[in-house]
Amino acid sequence: MPPRLQLGAHRGLSSTTYIIRLPVRRPQRRFASSSTDTPEIYDVVCVGGGPAGLSLLAGLKASAITSGLKVALIEGQDLQKSRLRKDASLDSFSNRCSSLTPASVKNLQEIGAWRHVHASRVQPYHEMQVWDGVSDARISFDWESARTPFTPRKPSQPTTIAYMIENLNTTTALLSRLEELGGVDIYSATKVESIELGTDTQQLDMTSWPVVSLSNGKSLAARLLVGADGANSPVRTFAGIPSRGFDYNRHGVVASLQLSGPGWGGLDHKIAYQRFLPTGPIAMLPLPGNMATLVWSTTPERAAILKSLSSDDFIAMVNAAFRLSPTDLEYLHTLSSGQKDEVAWRERHTPAQERAIPQRVSFVQPGTVASFPLRMRHADTYTGERVALVGDAAHTIHPLAGQGLNQGQGDAAALFRTISHAVSTGQDIGSTLALESYTADRYAENNAMLGVCDKLHRLYSVGSGPLVGLRSLGFRAVDAIGPLKGFFMGRAAGGS
Amino acid sequence: MKSSRSLRSLATICRQQTADPLRMFHNVRTTRVPTIPTSRPYSSSTTTSTTPPPPKSSVDPTEVAHFNALASSWWDPHGPSRILHLMNPLRHTFISRCMHGTPRTSKPPSALPSKNLRYLDVGCGGGIFAESAARLPTTASVTAIDPTPSVLAIAESHKRRDPTLTLPGRLNYLNTSIEHLPVPSNPSNDAYDIVSIFEVLEHVSAPGPFLEMAMKQVKPGGWLVMSTIARTWTSWLVTNVVAEDVLGIVPKGTHEWSKYVNEDELRAWFLERGWGRVGNEMRVQGVMYVPGLGWQEVGGSESWGNYFLAVRRPDDE
Ligand SMILES: Cc1cc2nc3c(=O)[nH]c(=O)nc-3n(C[C@H](O)[C@H](O)[C@H](O)COP(=O)(O)OP(=O)(O)OC[C@H]3O[C@@H](n4cnc5c(N)ncnc54)[C@H](O)[C@@H]3O)c2cc1C
């Protein structure tokens, strides 16, 4: 949210970091019409209808304890337009896909949303191949090799590492679930224009209540204002919660691709691939049939070149990125076109174990090559008086572990638990006391995940020198020790 | 009168030998209030009410004066009442367990209605419990009384921050003490489903007569719920010597250890009066503040620390 928007008074958040409370000024004209004079009072106002916000609301409405809360959703985009069509073709996929962990799927099942998912568009995968682009040291992850030699696999143990799913599929399922449950006032295609604190009238002292003014002229007072409004969260700005971090000076290039086959393991044993290059990791993640989704983090300059290439040259570059040396790749990025022939020639001189890398890209779905800047951000806290942050509003993570969306699901589930406990014990769900357990529940865990992904990024940004040897050693050691691998996979799968 | 709850909790912390939560008490004013020796059936008058004082009162005037001084920081989540705020959810868990029985024990003969409950909170202080009870969807109304005007003013002003609480009839504060409440003439109709007395007993001059007045306010089949702290050498040492004298973090005169009531004494007292004779009609739960974990239910701790006790009024009374 650009700062020109009036985002209201900054408020003190904790006993230690008080920010001076600015006097609240309200332009007279906005409240001239009597219909907006008194804001409508809600228990929960959620700004942002992304995966995190929708998941929280579905959780609240699916529970007998919290379903009585008066709840509103505000989303700037048109939620109906951004829904997955029922007859969507399995030959075309959105370029924003996420790897949902079993823990996230379980949560979506518990709130009754998972059965609304377009199941044919979800691809579980059972194996991960990760290797170092400089030294070629490799780890393969699957539950079979992760067990110890002494403990045979129990039938209850999972075989699925995670589920590839379009974000659109997740949000569409959550919206269907919300429609089924009812009871949410949805303000779609409506922006938050400003957030200010309420006023003290004779009867009521609303000076601790955020009042959200919408682009449609309405204003809503929130007992609890939830910021599920993404990385540039206006709610976070209103609450005066600092968010710290940095830009990686990397972009994530995404695309929906068709491969020459369903994968080396066939349709029933899908494999995810990730190769660490000095510019960042490139990942090929399986989708149904022969489809796959690409996430390639690279420098902004290279991202710009990749986006400018013809389909044939782009395909050649993706194939090359899994096969050729970093030196070859560096050269290929200096060409403005002709990569196709150049790659074909170089590949003839580079022996590759084809079965250890993703099958060749044969087709790129038009219009899906896109890029976005990679950032790491972490809010200082997730809660303030009558404010809670979930998802990207609270933290933005390097996508190399595919955890962004999952963290948001974990946040939504934890905030639901906090609200539910507060309701059943008569606490004011907006009070800092009631909200404390949410920050306590999530902060350390998210921080650890952000830290691990950040360190991985740094470790693999190094192209030569002793670190390369050390990290290769690490790769090989982890790969050789089954139980240790089991631990890493448990973390990746959202367990503990 | 209930800001002492924080001190009660503090007592438990001290027992845990952890200094960290104590910093929350730094801004408590440590005005010394003289403590009157305690061998009284009733103190003679109350200094707080504008209505003419009754011949006898359960309210100890020194206690009233003392809590006036503490009142201002009542609702500060990091203030001296923090640990008391943290305890509040446990009270609700305890009450709903009383009302709904447990899988092991059968339900009370005629269970309370699960909706439209009427509460009376005696010694409501700044309204921590009263507000939370009034917010529950199963609540019809809460009447909350306290004899200290300044404390009640805080409760009234805090209530205005929540539109739910200002709904007509939802939460009524009365500046009075229990002996001024009219005794219900037809208890099945006018009495309360739940009468709560949290962290009050230990400040009352004569618990027996005080409780007898409270019992009259309970509907047949309803519950009288209280919490207090046992009178043991540990509690005396911690609340009176360590907290007040050694550490100086609890205002002097907050506690009079001799007023503490033990759980077995309370139990016997109610049984003598015919309350709680059926197995699941009297419940006790010891609670303890564990730094890092918050308030925990600890079986057996009722005999030496903070505890909840609830007793159900027989249906035929
Ligand atoms: C381009 C891009 C590609 C990504 N690709 C991947 C990927 O491949 N894999 C992966 O795991 N993660 C990916 N991520 C990250 C992932 O999308 C996020 O982690 C996830 O969407 C976060 O969900 P959220 O609900 O917290 O926020 P968002 O999905 O960002 O939702 C926030 C919502 O708030 C709304 N909003 C914001 N401001 C206002 C306002 N003032 N008024 C009303 N509404 C408002 C927005 O319209 C938006 O719908 C990608 C992110 C981006 C930006």
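Cβ atoms are placed via backbone N, Cα and C, with glycine included.
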Taking B:ARG82, B:ARG91, B:ARG97 as the options, which does TrEMBL list with B:GLY123, B:ASP146, B:PHE198 at the S-adenosyl-L-methionine site?
B:ARG91
Mind checking which of B:ASP146, B:GLU202 has the fewest other CB atoms within 10 A of its CB? They're the binding-site residues.
B:GLU202
Rounding to the nearest whole angstrom, report the longest C-alpha distance spanning B:ARG91, B:GLY123, B:ASP146, B:PHE198, listed for S-adenosyl-L-methionine.
19
Check B:PHE198 (S-adenosyl-L-methionine binding site) against DSSP and tell me helix, strand or coil, would you?
strand
Of the binding-site residues listed here (B:ARG91, B:GLY123, B:ASP146), which is spatially closest to B:GLU202 (Mg(2+) binding site) when Cα positions are compared?
B:GLY123
Let me spell it out: for each of the binding-site residues (B:ARG91, B:GLY123), count the other Cβ atoms within 10 Å of that residue's Cβ, using every protein chain shown. Which one has the most?
B:GLY123
Is it possible to get the count of other C-beta atoms within 10 angstroms of the C-beta of B:GLU199 (Mg(2+) binding site)?
27
